[in-house]
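J.: Pasting the relevant annotations from Swiss-Prot:
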BINDING   14, 15, 16, 17, 18, 19  ATP binding site
DOMAIN    6-200  domain 'DPCK'
């Protein structure tokens, strides 16, 4: 059975989840990256994307994720169509990798951006990368160059970050600088080790 030792790593758009995943990895945690799996599956499905959404969403053999993202965030039918195609494939790959990680009998992370929204993963514990919504919006605009309205629309297409914070087993606060974030990540890893060693 998959997910026995899994901890879901989640957050919101522009909360710094990728940075946290890298820092936790440097601190010895093993990470399965759902986004990377999704990108690989999407690129391998460029023909399907071309047939279902049009030629303009494929550059050569790769899917133009930026263009497709703009469509998905503005068209709910297209979003559901893509999700119903991708999600079972992503889940199957994550499950396969999870079974392999479970064989080490030590906690590991599965980086799942829409963990709470999808409800597709039977993972008991979670850690959320948190920043207050206004800072999340500010960082997203700075990173992506979208208008405030477009940025808000994308952020609000996901569950509110405060709600995710409430549901999480642990919270990593990313509202400070990199040094603060490094400390938060180190403390989280120590908590996991302490909890796991207690169980042993």
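The backbone N, Cα and C atoms fix where each Cβ goes, and this holds for glycine too.
Relative to the rest of the structure, where do these features sit?
T.: Cβ neighbour count for residue 16 (ATP binding site) (all protein chains, 10 Å cutoff from its Cβ): 21. Mapped onto three states, the DSSP output places residue 16 (ATP binding site) in coil.
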J.: So for residue 15 (ATP binding site), how many other CB atoms are inside 10 Å of its CB?
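T.: Within a 10 Å radius of the Cβ of residue 15 (ATP binding site) lie 27 other Cβ atoms.
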J.: Neighbour count, 10 Å Cβ-Cβ cut-off, for residue 14 (ATP binding site): what number do you get?
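T.: Result for residue 14 (ATP binding site): 21 neighbouring Cβ atoms inside 10 Å.
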J.: Let me check the 10 A CB neighbour count of residue 17 (ATP binding site). How many other CB atoms are there?
T.: 23
J.: Under 8 Å Cβ to Cβ from residue 19 (ATP binding site), same chain, six or more residues apart: give me those in sequence order, or none if nothing qualifies.
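T.: Sequence-distant Cβ neighbours: 174, 181.
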